[in-house]
Amino acid sequence: DRICTGITSSNSPHVVKTATQGEVNVTGVIPLTTTPTKSHFANLKGTKTRGKLCPKCLNCTDLDVALGRPKCMGTIPSAKASILYEVKPVTSGCFPIMHDRTKXRQLPNLLRGYENIRLSTHNVINAETAPGGPYKVGTSGSCPNVTNGNGFFATMAWAVPKNDNNKTATNPLTVEVPYICTEGEDQITVWGFHSDNETQMVKLYGDSKPQKFTSSANGVTTHYVSQIGGFPNQAEDGGLPQSGRIVVDYMVQKSGKTGTITYQRGILLPQKVWCASGRSKVIKGSLPLIGEADCLHEKYGGLNKSKPYYTGEHAKAIGNCPIWVKTPLKLANGTKYRPPAKLLKER
């Protein structure tokens, strides 16, 4: 007879690293990691995902929507997740804006971080009777409205002195900006100022000197001094060439809190304000959103979770996502490998 000892075994290609014994050969493993491949971005399963701020606002940038460009007014859908598809938001196609002087480019991204966003139905200030008035509300051929007449941003009123009596230099004036949102939301109040060459400044405002502006809300105070002249003619989206520029900024007012704006000539007074609440998780990505995915990953796009861990590029991800690990993980589902048993000699 032949007597065999040991267990049935075969060659084992599986090696796992253990905490106590280092590398160990085992008879079977279950892979716990995957290495994703890049894919398009998708809607996050089980939640609303926002791409463009206003999907139905055609030929509009998100900054157009955020500022209330006349032909870019529409509903911003609620969303628990948002795609930051403009890493550096493009300009608005209305009046030429001096973007680099303020944080105006950040406004669309600020709005994107809220779950619910709506524009107020009425104005926060009566611009025509504001201090330093009476004013007429200025419009521009560079900002055509829906009937192709002259228009301007819905979030601001261009306060131009109404008659020669108040078309003069003025000491700084202050206007209070009340809180008008009705559901305890954050109020995002947009304001700004216009400046031009000396000739146009005298024609519009009766003063060609640099003007001073200050906003204050929620403990944040910002100061500006306008630049006079030195601007080349510039047209936006085929509008009329403009020698002037506007500077646009915003302030965030918490529930019930009043803000203030101190200004001289050329002020763009706040009008309709954004009322925003809830949080939307924001991730850098690209449009369009195609289909659905368990996870949105900045480097790989939409991922469906097939394993609990992944290797590859480590980046921000939202949703039901695998966990990043540096090296592949395996779960041993067999026994420690033993070499084939040797046969004992026949007796």
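Using the three backbone atoms N, Cα and C, a Cβ is placed for every residue, glycine included.
Straight from Swiss-Prot, the features:
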type     : residues : note
CARBOHYD : Asn25    : N-linked glycosylation site
CARBOHYD : Asn59    : N-linked glycosylation site
CARBOHYD : Asn145   : N-linked glycosylation site
CARBOHYD : Asn166   : N-linked glycosylation site
CARBOHYD : Asn304   : N-linked glycosylation site
CARBOHYD : Asn333   : N-linked glycosylation site
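All features noted in Swiss-Prot, drawn onto the structure.
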residue : record                      : DSSP (3 states)
Asn25   : N-linked glycosylation site : strand
Asn59   : N-linked glycosylation site : coil
Asn145  : N-linked glycosylation site : coil
Asn166  : N-linked glycosylation site : helix
Asn304  : N-linked glycosylation site : coil
Asn333  : N-linked glycosylation site : coil
C-alpha spacing of Asn59 (N-linked glycosylation site) relative to Asn25 (N-linked glycosylation site), in angstrom: 61
Least buried by Cβ count (within 10 Å) of the glycosylation sites Asn25, Asn59, Asn166: Asn59
Chain-internal residues near Asn333 (N-linked glycosylation site), provided their CB is under 8 angstroms and they sit 6+ positions away: Gly28, Val29, Ile30
C-alpha spacing of Asn59 (N-linked glycosylation site) relative to Asn145 (N-linked glycosylation site), in angstrom: 14
Close in space, distant in sequence - Asn304 (N-linked glycosylation site), Cβ under 8 Å, 6 or more apart: Ala293, Asp294, Cys295
Distance [Cα-Cα, Å, rounded] between Asn59 (N-linked glycosylation site) and Asn166 (N-linked glycosylation site): 39
Asn145 (N-linked glycosylation site), number of other Cβ atoms within 10 Å: 15
